[in-house]
Amino acid sequence: MYIFKLMGQNLTASQSFPYNIGPIVTGYVGKSIWTLHSGTKKEDGSAVSIFSFDIKKNPSKLEVAKNGFKRAKTTRHPNVLKYLDGLETETNIYIVTEPIQLLDELLEDIRNFENAISWGLYQEGLSFLNNKCNLTHGNIQSSSIFVNKGGDWQIGGLDFVSDVKDINNSILRNHNDLIPNKYKSPEIMKSQWQQIQQSPSYSIDSWMLGCLMYECYNGTMTKAEDIKNLDQIPKQLHQAYQKSFAVKTESRLNPQKFLESPYFQNVFVETLVFLENITLKDTFEKEQFFKKLDQHIEKIPINICKFKILPHLVTAFDLGPVNPRLLSTLLKIGSNLSTEEYNSRIVPSVVKWFACDDRALRINLLENLEHYIQHLNEATINDQIFPHVVNGFNDNPTLKELTIKSMLLFAPKLQEKTMIILLKYFAALQKDQQAGVRCNTTICLGRITEYMNEATKKRVLIPAFSTALKDPFVPSQNAAIQAFMFTISNYSLEELATRVIPEVSRMLISPEKSIRTSAFTAINMFLQKIEKNVDSILPSSPQQQQQNGSTLNTNPNDPNQNSQDSMLGWAVGITKKLYSGENSPITATNNNNNTNTPPINQNNNNGYKSPPINQNNNQNNNQNNNQNNNQNNNQNNKSLQNKQPTKVIHDGWGDNDYQEPPKKQTTTNTPSKSSKYKVEDNDDDDDDDEDYQEEDYSKYKEDLPRLTPKPSSTSSSSSSTSNKLDNKPMSLVSKNKPKYSFDEEDTSSSSSNIVNKNNNNKNNNSDGWGDDDGWGNDEIQVPSTTTSNIKKTVEKKTIVTASKSDGWDDGWD
């Protein structure tokens, strides 16, 4: 029955112990009568350290263990190991403390920080025991000193704490054999207990404190004689060190006096002592302290910064105004916290700081964002921080730029709806008065593209970068070109050909060489992508298929037929796009190879040569054909003029108010052998010379051909693309009758635009991002004629349209 009763008691005790005992700390084995375990609290899983004593295995040491258990529960001081809980059973004694580490295992790392050892030796706890409690510790050594998570040295091993003057107290007298001899004072070694009773309570501890000083700078003592070696001991410590080993017990170092030693007069100790008493300091003292703290923070171990300095800094910011520059120090320290610790200790304060009106504090928050952004989760950023951050877009220029730059770090964690809000702010910032703000907005927009969804990219990127191209600020133009290049993977081939390249090509004639260079580089990149991928996405055109079919019906063994077919195919393709008055080499070739023209027989049956073909008749026929074509075109153009465009095109980023000035350029038309309407740019002044040529040109001004590339194997692809583009209704050049006059030496370049200036401000009702199709409402700008003779004909009502068979190009022959 006794056995079952004992088992029941042990089971009840085990169930009532609210801690999980973990593995043994091997570094502590053999250094104490206690066994040290790591453990956790059952309720919340928080870490603890547990000392256990096995009564059955060490019955002779039970008195010492019970004394240590009692002193641990009753001694409270910041420098004494913090007692959390304990349990005594029939078989074991448990002491639960805060999580700790062994000083022996940390000394190597502590020595790397100047004056860090001095903070450990600044032992107010020992002075408290000796002078306030009149107790002797009796076991001061490196194995009885522990380090908590805040880097503070804690006094443990309270097994021999007693009043040595009490005759009835026999703990130290009866069990001093458990203390290594190298740490014992001479009077203990000689068992001079009567002398000990007459000595100050600190006499034994002072000797052991000197031994601890030695081990901190030299390592573990091997014998008592090692204390005579002062080579590694700092000079500021020599006097106190030597006094600890005084022969007379009353002359030994008092721990209270030791705290006043010059050895502790350093920044490390002064900083930590001030923080421990910061609640007693006035505002001026706090301000002076915080100014100096940033200069010395790197000299303090990280654990001390995290758990001792950081809490005081957070409290200082929450309670009152402090130097905002100190925020960088706080955030650097906080970056070493885990995500859970950061969310509980820093994030609530960060949210509060972003909401404040102190510009200096908000600037520092943005400047140091990289130190804490990784600890902020998406919900916190989108719901609590972002609504306050965007207020910086409406603040002074400094805050605007910092807020824009901060979006590079915020963007990966923004939700879709938050990203849309951000892009609306960016649309407004592209029209900001500050040039630097506009430029940085474009750069930032290009770099956060990867965090947008596909629909947003299609709707925003091209209008946004096109707006930046029109910015008179050169860096903004360059930023837009670079952004187009950086985001090339987000554009389809059709978008590159019809929207991106036309916008960037305007920069080819920029007055700034750097812009021209960037534009050439960008366009080459776009063209390479189109050339590489266009054949894989466009089907063959019906013309190409018909041409392939006609090739199959020909006789491959007839070289003359092949030659004629190839030449006729070229001629037919050109005549569909060109008018008869141009490209004389082609016309001549057609006349020579036309199968309908009777051959010239040089030797006939009558013995005389047949007359040559009348070239004048051919020219007259060509003239009549041109006139008929002109009449038909005029009728078609008039019908188109009466039609209203089905859709007004406008980009959502503002009107196209940027127009390059016309460049001086001389163009020469190639003379035609088959047409009598030869247009030559020889009229360089305002006189009436060569008026017949100007009149002819004015009469047939609408017959000017558009430069068409030579047909090749890819003609079918290009024609297919042009058909797709031609389906979009073209806007009229002008609804009124604008009159333009050009100086004779101001010939229009291929990139100049003839657009009614009164329409520049129309349709400026964008919501910031354009219509759903991504184009907006800008009118399409058509290329103008490029001859100086236009000054007599431009006053006429002119409608420029693109037929399905004609391709747009960049100049004139």
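Cβ from N, Cα, C; glycine included.
Annotation source Swiss-Prot lists repeat 'HEAT 1' at 340-378. Among residues of the same chain six or more beyond the repeat 'HEAT 1' (340-378), those with a C-beta under 8 A of the stretch's C-beta atoms are 310-311, 314, 317-318, 321, 324-325, 327-328, 331-332, 334, 384-385, 388-389, 392, 395-396, 398-399, 402-403, 405-406, 409-410, 413-415.
Residues 343, 347, 350-351, 354-355, 359, 362-363, 366-367, 369-370, 373, 422, 425, 428-429, 432, 434, 436-437, 440-441, 444, 447-448, 451, 453, 456 of the same chain, all 6+ positions outside the repeat 'HEAT 2' (380-416), place their C-beta atoms under 8 angstroms from a C-beta of that stretch. Feature annotation from Swiss-Prot assigns repeat 'HEAT 2' to 380-416.
Under DSSP, the residues of the repeat 'HEAT 3' (417-454) split into helix, strand and coil as follows: 30 helix, 0 strand, 8 coil. As annotated by Swiss-Prot, repeat 'HEAT 3' applies to 417-454.
As annotated by Swiss-Prot, repeat 'HEAT 4' applies to 456-493. Secondary structure counts, DSSP: the repeat 'HEAT 4' (456-493) has 31 helix, 0 strand, 7 coil.
For 494-532, the entry in Swiss-Prot reads repeat 'HEAT 5'.
Residues or ranges marked as compositional bias 'Polar residues' in Swiss-Prot: 548-566 (among others).
What Swiss-Prot records for 583-606 (among others) is compositional bias 'Low complexity'.
Sequence annotations record features per position, and here Swiss-Prot assigns compositional bias 'Low complexity' to 614-637 (among others).
Residues or ranges marked as compositional bias 'Polar residues' in Swiss-Prot: 664-674 (among others).
According to Swiss-Prot, the compositional bias 'Acidic residues' annotation covers 681-695.
Annotation source Swiss-Prot lists compositional bias 'Low complexity' at 712-722 (among others).
Annotation comment: Swiss-Prot describes 748-768 (among others) as compositional bias 'Low complexity'.
Secondary structure by DSSP for the repeat 'HEAT 2' (380-416): 33 helix, 0 strand, 4 coil. Secondary structure by DSSP for the repeat 'HEAT 5' (494-532): 36 helix, 0 strand, 3 coil. In the predicted structure, the repeat 'HEAT 2' (380-416) carries a mean pLDDT of 93.
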